[in-house]
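Right, one structure below, let's go through it.
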Amino acid sequence: MATDPSPQIPVRANSRRSRSSNSIHPVDVETPPVRPPTPIVYREIKHFKKWIPWLIPAFVVANTVTFIVTMYVNDCPKNSVSCIADFLGRFSFQPFRENPLLGPSSSTLQKMGALDVNKVVHGHQGWRLITCNWLHGGVLHLLANMLSLLVIGIRLEREFGFILVGLLYVISGFGGSLMSALFLQSNISVGASGALFGLLGSMLSELITNWTIYANKVAMFVTLVVIIAINLAVGILPHVDNFAHIGGFLSGFLLGFVFFIRPQFGWVSQRYAPPGHSVSPRPKFKKYQCILWAVSLILVIVGLTLGLVMLLRGVDANDHCSWCHYLSCVPTSRWRCNTNPTFCSTTQLGSQVNVTCSPSGKTTTYFLPGASNSQIQSLCSQQCR
């Protein structure tokens, strides 16, 4: 038997019977209107928004420009007996014995705003706690810090935006300067290392406070701890201000709990659920996140305030902690940890200049007609190294 290959589609229709015949005439089928499917609207969740980083590159440019201006002010050919890279003119570097980082003299850094505790406390120049973070001791110092800033800072700015990252950078730098000033009161200090360690510390605290939303959290935690430990261990070498590193790290670590707290995915799903979709209510933050937020905010405010008050009153933190100086430098048979400033006594007879280093008593005679004070100071720095 032949069958109709077309599928049989059942149609339900209203009908009427004609009075004149027994035929049935179909009437128009009343089909219900078909509601188009609700379009899916994809919205960017503001709590996980990706930012375009621009502030961190701007910080790199600002630090670089500041270093160029510092070298212009330094003017090594005019103020020193000898220079490195003479072809650079007034941008040439101080001798290696005076500054092995290929940079300016200590007096120039002081002039540009280096951290000098005596001037902060007795000269009422508290602004040096901020300006020292934008100065660098040399090209090598600048390159190391700026490369680290780009690697760490851009990732954070992309995740959390320029406002929070900018505030954390500045406050961490201030915290690093504050701790450095409390423990290292005889030398000047420059560099963005305190702010950089603040960014590192904030990455660690951000991972801890947002622990439940990460996948490979244990591996990330171990990696961060190892990186931080290695960088802090380098700080025990001489001529490295590890107190600025520690102060910046602690400030950034606490601020990370405050600035980088993120809501839980359950709350986000509830907040951005489509209309009519019922979900069980979820809290925005977990209890441990709120506790860490409150405790960290209190600690960072109290810590910075107390440290600033102690500094302005002339307190030397080493008097209250006899072993803390080992956190910045551990003496070995290969190097010393003498942080006392260098002083020289000079006698000048015609073009002959005798420079005697006060700590060691070493005397050297130079023949320098018309020696200026800055040139003699440069000779003193080289003599006492």
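Each Cβ is built from the backbone N, Cα and C atoms, and glycine gets one as well.
Heads up, TrEMBL stuff is auto-annotated, nobody curated it.
What TrEMBL annotates here:
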type: DOMAIN; residues: 124-260; note: domain 'Peptidase S54 rhomboid'
type: REGION; residues: 1-31; note: region 'Disordered'
type: TRANSMEM; residues: 51-73; note: transmembrane segment
type: TRANSMEM; residues: 134-154; note: transmembrane segment
type: TRANSMEM; residues: 161-184; note: transmembrane segment
type: TRANSMEM; residues: 190-211; note: transmembrane segment
type: TRANSMEM; residues: 218-237; note: transmembrane segment
type: TRANSMEM; residues: 243-261; note: transmembrane segment
type: TRANSMEM; residues: 290-312; note: transmembrane segment
Considering only Cβ pairs within less than 8 angstroms, which of the stretches 51-73, 134-154, 161-184, 243-261 has the most against the transmembrane segment (218-237)? 243-261
Counted with DSSP (H/G/I as helix, E/B as strand, rest coil), the domain 'Peptidase S54 rhomboid' (124-260) has 107 helix, 1 strand, 29 coil
